[in-house]
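As recorded in TrEMBL, the features of this protein are as follows:
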- 74-92: transmembrane segment (TRANSMEM)
- 99-122: transmembrane segment (TRANSMEM)
- 142-159: transmembrane segment (TRANSMEM)
- 189-211: transmembrane segment (TRANSMEM)
- 217-237: transmembrane segment (TRANSMEM)
- 335-354: transmembrane segment (TRANSMEM)
- 374-397: transmembrane segment (TRANSMEM)
- 409-430: transmembrane segment (TRANSMEM)
- 537-561: transmembrane segment (TRANSMEM)
Amino acid sequence: MAVEEGIDDYTQDGTVDLKGNPVRRSKRGGWTACSFVVVYEVFERMAYYGISSNLVLYLTRKLHQGTVKSANNVTNWVGTIWITPILGAYVADAHLGRYWTFVLASLIYVTGMSLLTLSVSIPGLKPPPCHQANIDDCKKASTLQLAIFFGALYTLAIGTGGTKPNISTIGADQFDDFHPKEKASKLSFFNWWMFSIFFGTLFANTVLVYIQDNVGWTLGYGLPTLGLVISVMVFLAGTPFYRHRVPAGSPFTKMAMVIVAAARKWRVPLPSDPKELHELDLEEYARNGKFMIGSTPTLRFLNKAAVKTGSTDPWMLSAVTQVEETKQMLRMIPILIATFVPSTMVAQINTLFIKQGTTLDRHIGNFKIPPASLAGFVTISMLVCVVLYDRFFVPVIRKWTNNPRGITLLQRMGIGLVLHFVIMAVASLTERYRLNVAKQHGLVENGGQLPLTIFILLPQFVLMGTADAFLEVAKLEFFYDQAPESMKSLGTSYSSTSLGIGNFLSSFLLSAVSDITQRDGHEGWILNNLNKSHLDYYYAFFAVLNFLNFIFFMAMIRFYVYKAEVSDSMHVLTEELKVMRLKASNQEAAKGIA
């Protein structure tokens, strides 16, 4: 009995220690290991948002850049931050594994943060102060000053490329899908993961931005740099408790092999019986801790990659499981595309929303509110909604749907998409009101501060946090959950890719709209003087874009097929192996009797 309990104590999901040995469930993983990962994320988010939340104001006030240029520099950098995880996921899955990729990338991250702190601290690395009303009259930053500042920013971006796709996946890997209690815990992991992210974000959007605006940028950037160093040390301290996955090879190469093999055999007919397609032995999957996936009728063209033609060249013949893994990644792409537009809305939080705040009255008595601190209400709203969703909404809805999550991940995403339409409609109406007040007080031409509280912007920030509680949490869990077991890092990078593309799309739309609306002698919708601009038209345009995107999303989810639960697949595999072994032993016994 003791031997059986010892065997049962080992994880069944193929996780190992750093030396490649199987790990015991009682010794590694679970919430104990996740505590180190979650603590890291709190500090890391504090570091990242400590830079990004107020970056548009640093570019405007210290580097003397205009509205469009500063906003685009922010979104281009943030876009890079969210795109580089594709490279980090590739390195982790194909070569170094998630742990070592994360460790090396975190060192690059710390280097970038340290250099950035120096660039805002040394007087010679930034132009002299300027208090002119028209920012075009101020001395611009030199090429060298810009090179050092943006060099530090993009070094930091490379570092986050290796940390972002792997840290949340490392956390999720600490739960065994084939153990009922751990599987149940994993369902709540992503909600609490987002909770930790926004807890760190809240500190950045309140304390750090206040320090940057009222004390100085040196301390304002130095503190998040110190926080990042502490977070890396915390993560390393948890190393003895982590479960790890062995790199399973490049997911891009695997997918390319399937697509190329299917294309090269496009004239070859598919067999009527899927069992005639090429597949590896069950024993091989079980031995390597991998999962067999049966052939499905979706994207049938790719099934041709598994048709046997006599060649064993991996670029001519793929196993059914490899074909199905490729299908899973491709099936998610339309859903990924549907998240680009709401990610563009998120990009407005740290750009135009903050710029709006600079035109409003920010005083509460003698205390002056930093414009970027309003982003803290996104965090607070999101934190409250995640707790309410996880603790109240899910248990109630679960009784009617019999779904452990309450509603499906795509349904949760759909609610978030609807909220993004509402957000931009509200933002447009609020901006129209702000512009009317500017006209009434004769503050259009001089761009002066309006006698209007900054809290009129509060609804759009609060609604953005509510939308995040639905869309961003569901998006992260969806792309992780629906990715094949050997491509989890790549699946997680889909979520960050969505934010990256959204930020680049924001830069494109801002530049295009600014250029188009200034043609033929018109003043344009987006100017350095926001009191003369028409952000109300711009936000209304975004509301229409969100509505059209929601229609696209609804059309795409009608064709989406959720992948089978891995634990169910593993159960089927185990039962089939038992039958095969029983038959083999019976045949041997029959031979012995004969």
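The backbone N, Cα and C atoms fix where each Cβ goes, glycine too.
Listed as Cβ neighbours of the transmembrane segment (409-430) (distance under 8 Å, sequence separation of 6 or more from its ends, same chain) are residues 335, 338-339, 341-342, 345, 348, 353, 456-457, 459-460, 463-464, 466-475, 477-478, 481, 536-537, 539-540, 542-543, 546-547, 549-550, 553-554, 557, 560. Here the transmembrane segment (189-211) sits against the transmembrane segment (374-397); at least 3 CB pairs are under 8 Å, leaving out pairs fewer than 6 apart in sequence.
Relative to the transmembrane segment (335-354), the listed stretch 74-92 leads the set 74-92, 99-122, 142-159, 217-237 in CB pairs under 8 A. If one looks beyond the transmembrane segment (142-159) by at least 6 residues along the same chain, the residues whose Cβ comes under 8 Å of a Cβ in the stretch are 51, 63, 73, 77, 80-81, 84, 105-113, 115-116, 118-120, 125-127. Highest Cβ contact count with the transmembrane segment (74-92) among the listed stretches 99-122, 217-237, 537-561 falls to 99-122 (criterion: pairs under 8 Å).
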